[in-house]
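A.B. asks: Sharing a structure here in structure tokens format.
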Amino acid sequence: MAPSLATSSTLALFLLVAVSIADAATFTITNRCQYTVWPAAVPSGGGTKLDPGQTWTINVPAGTTGGRVWARTGCGFDGSGNGQCQTGDCGGKLRCTAYGAAPNTLAEFALNQWNNLDFFDISLIDGFNVPMAFLPAGSGAGCPKGGPRCATAITPQCPSELRAPGGCNNACTVFRQDRYCCTGSAANSCGPTNYSEFFKRLCPDAYSYPKDDASSTYTCPAGTNYQVVFCP
């Protein structure tokens, strides 16, 4: 007997869900700092609290773009998940739905993009608050450069004009000038500055200004799983 239309539709939906789950990337987020952090992840994940040594795992759907993971510090939340963080705050919510406030070290990613590749990086364009590594899980087979690390504690070395409570701002955040933000008159012609070179010297793998693509973008085959480690 031929399957009914309803049965065929149910089977198709099941297969679609199964494929979607199989294509999702697992992100394992670990706090190796000696202090508590409140990691956040958007558009998938939200946020949680991690004491030293704890791990948080999230699944990110294939095709996700504009993804970010970051650490928040100096947080306090009530039983409803409302509160505030000194760095990386996302509108006073434990479970973030929006990007965090500068300064914050960012793990950025877009999954299953051109040529069936994931693109990912660590960015200091929003400044620095916590050391980070963003690595493919396992052997990293098919990932030509592995993954980026920014293990240096930048905040104690931060220029006085960029200092912020709990972190170190990028020059764009502080001065709002085209040459630092690669906007307006410098949108197509901006280059490194003394401030971006300060960040690049301490964390050569990370984006230090918006046009810093050549040395700062990493790729892996779609379907790769990832580790984000705070204080690697």
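Our numbering is plain: 1 for the first residue shown, then up by one each step along the chain.
The backbone N, Cα and C atoms fix where each Cβ goes, and this holds for glycine too.
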A.B. asks: Based on the record in TrEMBL, give the one of Cys75, Cys96 in a disulfide bond with Cys90.
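C.D. replies: Here TrEMBL pairs Cys90 in a disulfide with Cys96.
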A.B. asks: Using the record from TrEMBL, pick out the residue from Cys158, Cys172 that is joined to Cys168 by a disulfide.
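C.D. replies: Disulfide partner per TrEMBL record: Cys158.
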A.B. asks: Taking Cys231 (disulfide bond) as the reference, which of Cys96, Cys150, Cys190, Cys203 (the disulfide-bonded residues) have a CA within 10 A of its CA?
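C.D. replies: Those close enough are Cys150.
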A.B. asks: What whole-number Å value do you get for the CA-CA distance of Cys150 (disulfide bond) and Cys190 (disulfide bond)?
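C.D. replies: Here the two Cα atoms are 23 Å apart.
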A.B. asks: If you measure from the Cα of Cys96 (disulfide bond), which of the disulfide-bonded residues Cys75, Cys182, Cys190 is the nearest?
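C.D. replies: Result for Cys96 (disulfide bond): the nearest of the disulfide-bonded residues is Cys75.
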A.B. asks: Tell me which of the disulfide-bonded residues Cys90, Cys172, Cys181, Cys182, Cys190 ends up closest to Cys33 (disulfide bond) in space, Cα to Cα.
C.D. replies: Cys90
